[in-house]
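Read the structure below first, then the notes.
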Amino acid sequence: MNRRFDPSGPLRGSLRAPGDKSMSHRAALFGAMCDEPVRVTGYLEAADTYSTLNAVRACGALVEEGADRGTLTIRGAGLRAAAEAHIDVGNAGTLMRLAPGWLAGQPGGEWSFDGDASIRRRPVDRVAIPLRQMGAWIETTDDRFAPFTVHGMPLRGIEYELPVASAQIKSCVLMAGLLASGTTTVIESEPSRDHTERLLARAGVRITRDGDRIELTQHDELELGDIHVPGDPSSAAFHIAAAILVKGSRIVITDMSANWTRTGFVRIAERMGAVVIGDLEKPNPGTIARDEPVCEVDVASGPLKGTTVEPHEVPLAIDELPLVALLGCFAEGETVVTGAQELRVKESDRIATVVDGLRGLGAHIEATEDGFVVTGNGGLRGGTLEAHGDHRLAMLGAVAGLASRDGVEVVGMDAAAVSYPGFESDLASLLKPT
Ligand code: S3P
């Protein structure tokens, strides 16, 4: 499906972005691991997080969808009683990397995993390696890809230093640690999103953090009660970027996650000169908070200057780095992203697809091994951008179109439904004359 996004007038109004994708995946999985019912509000209704609901249903959980949008009751299968299943993860990398952490330690069970063409190109050895060190039996394709099978085995705790700053690997090892004998320690050199740690702390797990060491011990039963999933800062970021770039814009994003491990993009945009006012959580590395803070942000358009995104900032803005490249096209001077080689194994090779996509719209942008360099040249001409089946590329093209001189035709706009099916109508609601 192709869609044209023409240069627009200012964005105005307020909006709640759809429920956070990372927290929704975790709400479904952790809900399924509980014995008592878990009520979820704000759940993301999108292809990726429906895959997770289907997965937990296949593993024996009952999921009742409430009358209000995004409201669910999950009656779990329990921490150690998942039913054997074939799990189709669709396009959801987070489901593919987290669910094995729950299942690998359930002896006697067998779970097979597969997904779409993009998921079959994304590595799972990054979770299979630590799980095998814990005693897991996992058969992967070509040593590192889906389809793969998890055979439940007794696990033992390990100390694992993450080879890349990845919340998915961290979460998988911690989840496996709940069922493993002894203590499980994950060492992360750079902080990444910490929703798993917060949920585990809330669920009564003895989990501690000392500097870069996160530790937990085997656990019997998780208890969560209610979970509210706030709006996704990664989805809100598209509207925030559009409001920054289109002259005269002023928008408010409500009920957005203010978790500091998710708001790196706002901090980078502010450094570039953008005016984004909101009560964001202050960075607090080395501790585990129990709650997920929410905020309202107020965004206005304004001039930008280039910046350098350092490697330690990358995990805190990983999914928004394509938008940093877009802002860079409109900024004075150079915008450089380094230490972001992980972008190469996202839904597409996001260094290649962002660089090719924006260059096709007139950007001065060069790929590097671990990021890109953009030289602002007063904006973008416009043209055609191919989404490559990547939801964030499709939405990037839409925002680029609004801010461009001639407009942008996005090829494959339907990919947006993976995380944000209502994206076009939400964007249109901000473009209505007031
Ligand atoms: C996610 C972690 C990140 C992120 C992805 C969601 C999560 O991936 O890019 O969209 O929910 O844990 P990595 O852990 O691979 O960096």
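Note: Cβ is positioned from N, Cα and C throughout, glycine not excepted.
Feature annotation from TrEMBL assigns region 'Disordered' to 1-21. Cβ atoms under 8 Å from those of the region 'Disordered' (1-21) belong to residues 42-46, 48-49, 70, 94, 195, 229-236, 239, 242-243, 246-257, 262, 301, 382, 397-414, 419-422, 424, 426, 429-434 of the same chain, restricted to positions at least 6 beyond its ends.
The feature domain 'Enolpyruvate transferase' is assigned by TrEMBL to 7-427.
Proximity of Lys21 (phosphoenolpyruvate binding site) to non-local residues of its own chain (separation of 6 or more, Cβ distance below 8 Å) is seen for Leu44, Ala46, Asp48, Thr49, Thr94, Asp232, Ser234, Ser235, Ser419, given in sequence order. The phosphoenolpyruvate binding site annotation in TrEMBL covers Lys21, Gly93, Arg122, Gln168, Arg350, Arg392.
What TrEMBL records for Lys21, Ser22, Arg26, Ser166, Gln168, Asp319, Lys346 is 3-phosphoshikimate binding site. All protein chains included, Asp319 (3-phosphoshikimate binding site) registers 24 other Cβ atoms within 10 Å of its own Cβ.
Reduced to three states, the DSSP call for Asp319 (3-phosphoshikimate binding site) is helix. Taken from TrEMBL, the feature active site, proton acceptor applies to Asp319.
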If you check the binding-site residues Lys21, Arg122, Arg392 one by one, which have a CB less than 6 Å away from any atom of ligand 1?
none
Enter the number of other CB atoms within 10 angstroms of the CB of Ser166 (3-phosphoshikimate binding site).
21
Can you tell me how spread out the 3-phosphoshikimate site is, meaning the largest CA to CA distance among Lys21, Ser22, Arg26, Ser166, Gln168, Asp319, Lys346, in Å?
19
Can you figure out which of Arg26, Asp319, Lys346 (the binding-site residues) comes closest in space to Gly93 (phosphoenolpyruvate binding site), comparing Cα atoms?
Lys346
Find, for the listed binding-site residues Ser22, Gln168, the residue with the lowest Cβ contact count at a 10 Å cut-off, counting only other Cβ atoms.
Gln168
Give the mean pLDDT for the domain 'Enolpyruvate transferase' (7-427) on the 0 to 100 scale.
97
With H, G and I counted as helix, E and B as strand and the rest as coil, say where DSSP puts Arg122 (phosphoenolpyruvate binding site).
coil
